Amino acid sequence: MLLTAPSSRGSRTQSGIANVSWWALSLLLLFSPTLVSAKSAADYYVRSLPGAPEGPLLKMHAGHIEVDAQNNGNLFFWHYQNRHIANRQRTVIWLNGGPGCSSMDGALMEIGPYRLKDNHTLEYNNGSWDEFANLLFVDQPVGTGFSYVSTNSYIHELDEMSAQFITFLEKWFQLFPEYEGDDIYIAGESYAGQHIPYIAKAIQERNNKIQNDQSVRWNLRGIVIGNGWISPAQQYPSYLTFAYEEGLVTEGSSLAKDLEVYQSVCESKISASPNAINIRDCEEILQQILARTKDTNRQCYNMYDVRLRDTYPSCGMNWPTDLVDVKPYLQRPDVVQALNINPEKKSGWEECSGAVSSTFNAANSLPSVQLLPELLESGIPILLFSGDKDLICNHVGTEQLINNMKWNGGTGFETSPGVWAPRHDWTFEGEPTGIYQYARNLTYVLFYNASHMVPYDLPRQSRDMLDRFMKVDIANIGGKPADSRIDGEKLPQTSVGGHPNSTAAEQQAKEKIKETEWKAYAKSGEAALIVVIIGVTVWGFFIWRSRRRNRGYQGVYQRDVGSGSILERFHNKRSGPADVEAGDFDESELDNLHSPGPEQEHYAVGDDSDEEGPNHHPAAPPSSTKPGGAQP
């Protein structure tokens, strides 16, 4: 907006009008800070993704949300909209472990819609979990992956983590209200077995505090934990038991006798501190197994998949092989820009943060296994699954925690005193895939020939498991279902396959989502317009009064601000049928309404020059790695 004063009546009038203009603009910005700094869903829209397959880009959003203003703590998310809708909207929140390992592992190597063919080419993942669920990947705690926080402001305890995650969800649903009514499932693996139950409990507590209709109760429908670090008291002693079962160590050998000494020390430490989540003396069992079973070429077992070998002392830290492509891809400047990474995130992406892992010791937190009975009894279904070739968070420990846990009037998988729920054989497309076991709201699935990262090895089978847990039945949708059977009995249809597809239910849901989006945009747009109109009115009044005083003065404004003005076009863009997020509007039209804040700019940060913590691949032996720690 430009004001000129071609009249020769003097500079006083020009100066006065300029002052009035600045005063009006200041008033406008004072009462409408959202025009300067607040973001909308459109700011998070991913308009392109380098290396994506040909064809329409999947609808996705990504970026940072502040969860700790005092320490500049921001969590990064990457969200994908589902490809099909069976009978209702569902959202799966995915978390990787560590603590301090990025959920981009899950996004690009496990359950996300894309996998990397090489370090610059994406291809579709036929087992992606986005078939019937929206996917929300979050790098957490602060400092993990693309998330960031001020130096030395990492968090330490599980309740701190869950509080920040609730803050994240509150703000995320404000940006994307169309998803707030979804059925919500929280899923993840490894050390996320500690995070997920705490987040679930925090959601329940948040829902219980709602006293009015201004807030929406979140529909938590279940939690899913794969190869989880849930009960250290059962998981630590399982290392040696698993090593015997898999033939890594021969029972009764001299090595076995030495390891049993470490086992005895560990068990005494557990007895002294039954609620400890990290016990260094117990970690020594795993380190000794890896060190003393290496061959003459210094090849040790891969702790995440004992079918594989790795160079000592890495012992699995170089796995999965996809990491060689994932890291350079996520450090590319064009990818960083496409994912709306804040310029405040100075260092490039790393899979795992040593600083976060070493700081998050949970010394004053109870192990999450103690939260599971109450969650089950409150009606939250829980699915625990394990790949049978994982050592570090092996299925033996998971089965022991189930056998010892009491909930809903029974112990373990008891169906009645002394009677246990049977194990059912599961086949997928004619191949033995694993076993299912269920009792009193808890489901356990053991996958055959699978590692610590089950969806990495068996993507379609893992999605079939998820769809059954979410009670998806696509019989009325169409498409080719998978042949999945329990004890030979064909199960409800859960897979249609292919990218992408459309259904009547999907179209209805899209219309509902679009309606909700426009309501949210209109609400924020109307508030902004009110302030703009007030400012323009005040400015116009002073111009009119100045003209009356100084008839020789003429205000020249090069563009009409009447009914065809930018303000009107802005309103039309907010309320019309166009897709705001997809970029159908001309963003330059907004330049006259707000000043771009620093978060509106995107810079490349894809280098390693200023890392927040140690690399995921340390030079030190694995003894520096926590069980369930520094891992996917």
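Glycine too: its Cβ is placed from the backbone N, Cα and C atoms.
Annotated in Swiss-Prot:
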| type | residues | note |
| --- | --- | --- |
| COMPBIAS | 492-506 | compositional bias 'Polar residues' |
| COMPBIAS | 581-590 | compositional bias 'Acidic residues' |
| CARBOHYD | ASN119 | N-linked glycosylation site |
| CARBOHYD | ASN126 | N-linked glycosylation site |
| CARBOHYD | ASN441 | N-linked glycosylation site |
| CARBOHYD | ASN449 | N-linked glycosylation site |
| CARBOHYD | ASN501 | N-linked glycosylation site |
| REGION | 480-507 | region 'Disordered' |
| REGION | 568-632 | region 'Disordered' |
| SIGNAL | 1-38 | signal peptide |
Open item on the list: If I take the alpha carbons of ASN441 (N-linked glycosylation site) and ASN449 (N-linked glycosylation site), what is the distance between them in whole Å?
Closed with: 26
TODO: Measure from the CA atom of ASN119 (N-linked glycosylation site) to the CA atom of ASN126 (N-linked glycosylation site) and give the result in Å, rounded to a whole number.
DONE: 19
Task: Distance [Cα-Cα, Å, rounded] between ASN449 (N-linked glycosylation site) and ASN119 (N-linked glycosylation site) - done: 27
Open item on the list: Just to confirm: which same-chain residues, 6+ apart in sequence, have a Cβ under 8 Å from the Cβ of ASN119 (N-linked glycosylation site)?
Closed with: VAL324, ASP325, PRO328, TYR329
Open item on the list: Test of understanding: give the count of other CB atoms lying within 10 angstroms of the CB of ASN441 (N-linked glycosylation site).
Closed with: 16
